[in-house]
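Everything on this sheet refers to the single structure shown next.
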Amino acid sequence: MGPTTRARFVHNRRGGRRRRGQYAGEEASDDEEQRATSSSSSDEGEEEEEAEASGEEVDDDEEVEEEAVAAEPAAKEPPATAAAGERKSGRKGPITISLKKMCKVCKRTGHEAGFKGAVYIDCPMRPCFLCKMPGHTTLTCPHRVAMEHGVIPAPRRNTNTSLDYVFQSQVKGKISMVKPQFLIPNQLECGNIKFHQRRVTCLEFHPTKNNVLLSGDKKGLLGIWDYVKLHEKITYDSVHSCILNSMKIDAANDGILFTASSDGTISSTDLDTGIGFPLLNLNPNGWNGPSTWRMIYGMDLNTDKGLLLVADNFGFLYLLDRRSKARIGHPILIHKKGSKVTGLHCNPAQPEVLLSSGNDHYARIWDTRKLEANSPLASLAHGRVVNSAYFSPQSGNKILTTCQDNRIRVWDYIFGDLQTPSREIVHSHDFNRHLTPFKAEWDPKDYTETVAVIGRYISENYNDVALHPIDFIDTSSGKLLAEVMDPDITTISPVNKLHPRDDILATGSSRSIFVWKPKTEADFTEERTKQKSKEYVYGSSSWKKSNGKHDNSSDDDSDGGSDGKNKKAKKTHFTHTVKGKGKCKL
């Protein structure tokens with residue numbers, strides 16, 4: 001790729017500030033002048049504090065020079081004459097401005113914290129932002145230098161049987177320990193710029209149509225995109241009224257998509273027509289305040305039993321019959337009452353075993369054949385909110401969780417001792433405000449069940465540009481296999497999905513979607529000779545309402561929604577395609 005250019009922004013400071021004048025034909029009294037002087041001083045101080053808060057640099061020489069010029073008449077003239085001259089000319093006395101640096105984190109002087117260019121600087125009075133341990137900063141954190149230093153192995157447990165000893169001595173030596181080569185999709189192939197109205201919240205590859213990618217956003221819009229035929233994309237903007245949190249393709253009919261939303265509904269949507277059929281509505285009476293509004297986050301499909309399992313933000317689990325489209329039984333409390341259930345996942349080898357994660361700092365394992373409140377098979381304790389929990393995709397024997405304490409935890413055997421994880425991997429993903437939560441996911445093609453992918457929050461300095469890489473991690477050792485980034489993508493990529501059959505990675509970054517493929521030898525040769533052209537499709541960033549006005553509302557952090565009825569969705573086609581070299585402006 002070619003060199004990256006940076007846009008420069010010049011902030012012009014005003015040469016002088018307006019001063020409060022006097023009324024025509026009148027002279028202000030001493031009290032009025034004193035009040036005006038104090039008011040002007042406070043205004044000056046507020047402007048300087050705002051300049052420091054916004055990161056603007058104050059020119060020390062300019063301030064000192066202004067102070068010296070203002071103080072010069074007072075030094076040469078007597079006090080009474082100087083005061084009279086100031087009243088006639090409207091000039092005030094000298095203004096003293098403090099140039100001490102103040103930290104925005106601890107509110108102490110002498111140091112600063114935050115981003116300086118493309119580098120993040122920690123507050124030295126607080127623990128490390130990455131590993132949460134005191135004594136060092138993020139720049140010197142050992143887990144940032146080499147990720148494998150952050151692996152905390154579990155103590156060895158003496159649980160071997162006689163068959164295990166036979167396996168170790170006679171069989172294991174004949175098995176090749178060399179893992180197959182893993183192809184990292186590290187080259188940006190194409191992108192769909194501003195495809196969505198709001199930030200992307202979930203991605204899913206179609207199980208039978210190899211090149212079709214499904215996506216949902218914060219406003220409830222559903223997008224369907226064929227990334228091989230860039231111009232072929234469809235959006236349904238009336239599937240849900242707010243955040244689309246999860247989606248699953250019906251295993252019996254790949255033309256039906258189940259979606260879960262923060263509006264408290266589960267919808268069965270026809271991908272060809274966009275017509276949605278409501279399966280569940282937890283808010284039939286509409287909005288009655290946040291204390292009663294139910295939102296659905298976790299959802300998964302038990303293909304063997306034909307069950308659709310969903311969970312809400314109050315800790316309850318609901319069972320739906322996929323065929324009769326009816327609810328089964330009563331809601332079951334699976335997490336602390338009032339806490340949000342962030343995710344559900346059925347074991348691929350034993351679908352009756354369910355894994356849930358929640359805001360109560362636990363991930364729990366359940367047997368759906370005998371579901372009862374407060375009766376999990378196991379409870380996996382975490383330090384903070386658990387964003388996600390997944391069984392391994394092939395055998396289902398491993399568990400991978402993502403927690404907001406900047407830890408990725410791995411359990412190697414679900415039928416062993418689950419009190420402590422087998423490994424804890426330190427990784428930067430502790431940020432959820434205005435971002436979709438980071439979730440580490442297994443590679444569905446890796447039969448060794450060791451590779452996971454997750455986006456990174458803390459930026460890295462690449463040629464003076466702050467980029468947020470996408471990390472491929474070996475969960476067996478905690479080693480960083482690769483970090484994928486592109487100078488054209490400067491936004492954070494919290495939503496990542498690996499293709500179940502091809503070596504393709506799809507990422508959701510802000511309102512855009514990008515597709516990555518492995519870089520081949522031909523690409524290396526072509527890159528040496530000339531820059532490889534990229535293909536982008538530009539979607540509509542502002543959408544027209546019925547009144548003719550554009551909706552450019554900001555992406556706030558509200559997860560609530562209004563009571564919306566399911567209807568035939570509005571279908572929008574985009575056919576404008578842009579091909580060529582150069583970078584794409586996000």
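The backbone N, Cα and C atoms fix where each Cβ goes, and this holds for glycine too.
According to TrEMBL, the protein has these features:
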type     : residues : note
REGION   : 1-93     : region 'Disordered'
COMPBIAS : 8-21     : compositional bias 'Basic residues'
COMPBIAS : 43-69    : compositional bias 'Acidic residues'
COMPBIAS : 70-84    : compositional bias 'Low complexity'
REPEAT   : 193-226  : repeat 'WD'
REPEAT   : 379-412  : repeat 'WD'
COMPBIAS : 526-535  : compositional bias 'Basic and acidic residues'
REGION   : 526-586  : region 'Disordered'
COMPBIAS : 567-586  : compositional bias 'Basic residues'
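For the repeat 'WD' (193-226), the DSSP-based tally of helix, strand and coil residues reads 0 helix, 18 strand, 16 coil.
In the predicted model, the repeat 'WD' (379-412) shows an average pLDDT of 94. Secondary structure of the repeat 'WD' (379-412), assigned with DSSP and counted as helix (H, G, I), strand (E, B) and coil, comes to 0 helix, 19 strand, 15 coil.
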